[in-house]
């Protein structure tokens, strides 16, 4: 958007009254012309690229879609009364498609890298596009044949949650979770190093963070806010006991050891990563190589649209 700055006219000491009048008149005309130009620029936005989704095709509850840039454009921040409360019809609760998949929605709890529930998470529920949910159902069927169940940590993530992360990032005095989630990094580099993204594929509805649990699943004790934290890179026996198989690091571990194929991860931990990767790939999901837990449906239905409805049961109650 163009920015206009008005520069006041000046009357030089040697000018006559007529000269000053003419100068003032000229300045007034120029100022009015500039103001008209500014109003025109504000009222008429730049043309939408031909490849962008037309306004009539934008799903209910969606942010403005982009036109497939190499680096997605950050959606506009959440805006009070304009924030949608219901998901488009193409979104479902994962439990309605496959109730056997375990869920531990971390951003609805205190046990995450921020250390408190995140904006936009109202219920501990996994919401996905129907295509992604049905894909996970196929993965779950295959995983159970190997003696495992899937367990999701995060699914659809509203833009307001991403905004919350971005507000948290610059607050360098708040490092209450450093000991577990980024023990080897300075908080100031988390965005530049790519550990926290804005915008995120999660807001498109077909990306999820997940792991595996050996069957029969053991009970998991609840996380207690303020309890002593252990590095996500520590041996599994020392990390928070969340009943999952060993993947070499904990979930949301901001460390290169969490890269899916990091050669330092060996034995059963690497076997588990590779099994999950193969099962997910067989069902049409692609792994983000810097996070062993992060997968996206390759043929996602909204590849350039970022949504902002809340994570809640009400959002997907299409009665």
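Every residue, even glycine, has its Cβ placed from backbone N, Cα and C.
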For which of the residue intervals 46-84, 85-123 does TrEMBL record region 'Disordered'?
46-84
Other residues, Cβ within 8 Å of 202, 209, 294 Cβ centroid (Zn(2+) site):
153, 154, 155, 157, 200, 201, 207, 208, 288, 291, 293, 295, 296
Counting other Cβ atoms within 10 Å of each residue's Cβ, which of the recorded positions 157, 294 comes out lowest?
294
Any idea what DSSP makes of residue 157 (site 'Transition state stabilizer'), helix, strand or coil?
coil
Nonlocal residues around residue 209 (Zn(2+) binding site), in sequence order (Cβ under 8 Å, 6 or more apart)
152, 153, 154, 155, 251, 252, 291, 293, 294, 295
So if I measure Cβ to Cβ from residue 202 (Zn(2+) binding site) and keep only same-chain residues at least 6 apart in sequence, which ones fall under 8 Å?
154, 155, 156, 157, 208
